[in-house]
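What Swiss-Prot says about this one:
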type	residues	note
COMPBIAS	39-50	compositional bias 'Polar residues'
DISULFID	Cys183-Cys214	disulfide bond
DISULFID	Cys193-Cys204	disulfide bond
DOMAIN	180-222	domain 'CHCH'
MOD_RES	Ser29	phosphoserine
MOD_RES	Tyr49	phosphotyrosine
MOD_RES	Ser50	phosphoserine
MOD_RES	Ser51	phosphoserine
MOD_RES	Ser56	phosphoserine
MOD_RES	Ser58	phosphoserine
MOD_RES	Lys142	N6-acetyllysine
REGION	32-57	region 'Disordered'
REGION	73-92	region 'Disordered'
MOTIF	183-193	motif 'Cx9C motif 1'
MOTIF	204-214	motif 'Cx9C motif 2'
Amino acid sequence: MGGTASTRRVTFEADENENITVVKGIRLSENVIDRMKESSPSGSKSQRYSSVYGASVSDEDLKRRVAEELALEQAKKESEHQRRLKQARDLERERAAANEQLTRAVLRERISSEEERMKAKHLARQLEEKDRVMRKQDAFYKEQLARLEERSSEFYKVTTEEYQKAAEEVEAKFKRYEYHPVCADLQTKILQCYRQNTQQTLSCSALASQYMHCVNHAKQSMLEKGG
């Protein structure tokens, strides 16, 4: 127990199913065993691995190497974990950027559709306003035409009455003289025109004007002769 360093023989057992070596209850992979073999000094027979079976090392050295290899494996696992986390974060950022671009594209499309809808609505309002103005103007022109036709009809009625009155006066004054109807041809034409254009008497205004001029001229001539 004094000055001699104690050594213990440790047997490496292989797991046939998983290629795992068990050292004193610790399961080591083949990669860990290979690295432990490579890091062992080549001159020391007590610390060399000659094969998977029958190799012996000191207990303390074995614990140290196992701890180092486990720490290395843990570091590699942590590094791989961090790498995968980084990939996941990068993928999430890419997915978020793609979603943002898609959202913006959909928003632009909605804005464009809304602008087109507003333009179409504005154009429809303009067309409705133009149609309303045209209907109003049409009603105004029809009203003016009706008034002109009414005035023309009244004018014809007054002229006819005046002519009849003048004719009666002349007949009473000059009974002994034989006379013929004044402006008979124009009277016939204007009567015929009014019969043919009962809804558009304004078209006979030119004949009515000629007829009135003819009647006035006849009256003046009769008065001059009678005087």
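The backbone N, Cα and C atoms fix where each Cβ goes, glycine too.
Here the features listed in Swiss-Prot are placed on the structure.
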| residue | record | Cβ within 10 Å |
| --- | --- | --- |
| Ser58 | phosphoserine | 17 |
| Lys142 | N6-acetyllysine | 10 |
| Cys183 | disulfide bond | 19 |
| Cys193 | disulfide bond | 19 |
| Cys204 | disulfide bond | 23 |
| Cys214 | disulfide bond | 17 |
(request) Among Ser58, Cys193, Cys204, Cys214, these being the recorded positions, pick the one whose CA is nearest to that of the residue listed as 'N6-acetyllysine'. (result) Cys204
(request) Can you grab the distance from Cys183 (disulfide bond) over to Cys204 (disulfide bond)? Cα atoms, rounded to a whole Å. (result) 16
(request) Quick one: of Ser58, Cys193, Cys204, which recorded positions lie within 10 angstroms of Cys214 (disulfide bond), measuring between C-alpha atoms? Sequence order, please. (result) none
(message) Under a three-state reading of DSSP, tell me whether Cys183 (disulfide bond) is helix, strand or coil.
(response) coil
